[in-house]
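Asks: Before I ask anything, here is the structure I am working with.
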Amino acid sequence: MAATFFRRLSKATPATFNNAFRGQPKSGFAGFRFTTIAAVAGGISTYYCFSDSNLVHLDQVNEETGPKVALKSDKWLEFKLQDTARVSHNTHLFRFSFDPSAKLGLDVASCILTRAPLGQDAEGKTKYVIRPYTPISDPDAQGYFDLLIKVYPEGKMSQHFASLKPGDVVEVKGPIEKLRYSPNMKKHIGMIAGGTGITPMLQVIEAILKNPDDKTQVSLLYANVSPDDILLKQKLDILAASHPNLKVLYTVDNPTKTWKGGAGFISKDMVTKCLPGPAEDTLILSSSCAGHSETMLKTKLWLWKMAIILRFHFASLKHPLKQST
Ligand SMILES: Cc1cc2nc3c(=O)[nH]c(=O)nc-3n(C[C@H](O)[C@H](O)[C@H](O)COP(=O)(O)OP(=O)(O)OC[C@H]3O[C@@H](n4cnc5c(N)ncnc54)[C@H](O)[C@@H]3O)c2cc1C
């Protein structure tokens, strides 16, 4: 099914995009937070429930505002599912379509909010489940956007996505900016990603690589449970092979067997070997799992620990003499 989907899509999309997705390996883990290490304590909740409905249909908005940008930050819009492709035993690609002369209206790096009806509240009003997702299609693409979503066995929103058929609609609002990226804002960007945490990293990577004037070095450390779980590997390999400023290190290592998360294990050594050292012109981004509260807590604690390790490690690199006195 995936092959047919991408064959069909290749008629409408740049070859590089579709080639990069061909023959996807199996995938890993879902739900992530995207933040700088420095701001690791901050965070957003992925759980929202509202019962009001200020839904506006996309074609109505286009009549009002012109066909330039499809998203609205203050209104839920319906986007039609064009097609889906299974990319692993639990991860699917969903392509949504809209006015072909409009862009989605997404700045790098941003996510969108999706919502689906989930029963009724005590007053009989519709309750909604709301979850953020990160489009992986080119923000400049016209008429469509793609989401890569891990489907949890009991996941409220991901199960809803899995139940959709082409022609069904999903309500979307946004974008929500996670990091305002501008070309050459840093000399070297280090990235730590686990499982589907690759999606916001991909947004930043592609923004850098598609701009020949952007000389930013990118070092990506991508953790998964097993080689088969590495998502978008072929795409990342193609990008790394054709862009010397992108280095990708995959890890499926779990030497201590203590890490129970689904996104894989990253050791201090991997971080210090793969990522750039501390400097004014470097930035570390992390994107990790947040499927449910227990995982979110573990992830948050792990990120805290890593931030502290990094701080001490980089401090010792930066001030070796200070350390020895
Ligand atoms: C900024 C941002 C961007 C994101 N982008 C993406 C993306 O591009 N792709 C993607 O796949 N995900 C992404 N996520 C994660 C996504 O928003 C959802 O969290 C994820 O899809 C799970 O939602 P769900 O409603 O399907 O599952 P939920 O209903 O929230 O449950 C998730 C899993 O946890 C289990 N669970 C729930 N509660 C408990 C509990 N109390 N104890 C034990 N287990 C429990 C469920 O059974 C299920 O298996 C993103 C998250 C953020 C914050």
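Cβ coordinates come from backbone N, Cα and C, glycine included.
TrEMBL entries are annotated by machine, without manual review.
TrEMBL lists ARG131, PRO132, TYR133, LEU148, LYS150, LYS156, MET157, SER158, THR199 with the feature FAD binding site. Taken from TrEMBL, the feature domain 'FAD-binding FR-type' covers 74-182.
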Asks: Looking only at the domain 'FAD-binding FR-type' (74-182), what is the mean pLDDT?
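Replies: Value for the domain 'FAD-binding FR-type' (74-182), mean pLDDT as a whole number: 95.
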Asks: Mind tallying the domain 'FAD-binding FR-type' (74-182) by DSSP state, helix then strand then coil?
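Replies: The composition, in the requested order, is 8 helix, 55 strand, 46 coil.
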Asks: I'd like the Cβ neighbour count for MET157 (FAD binding site), meaning other Cβ atoms within 10 Å of its Cβ, all protein chains included.
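Replies: Result for MET157 (FAD binding site): 23 other Cβ atoms within 10 Å.
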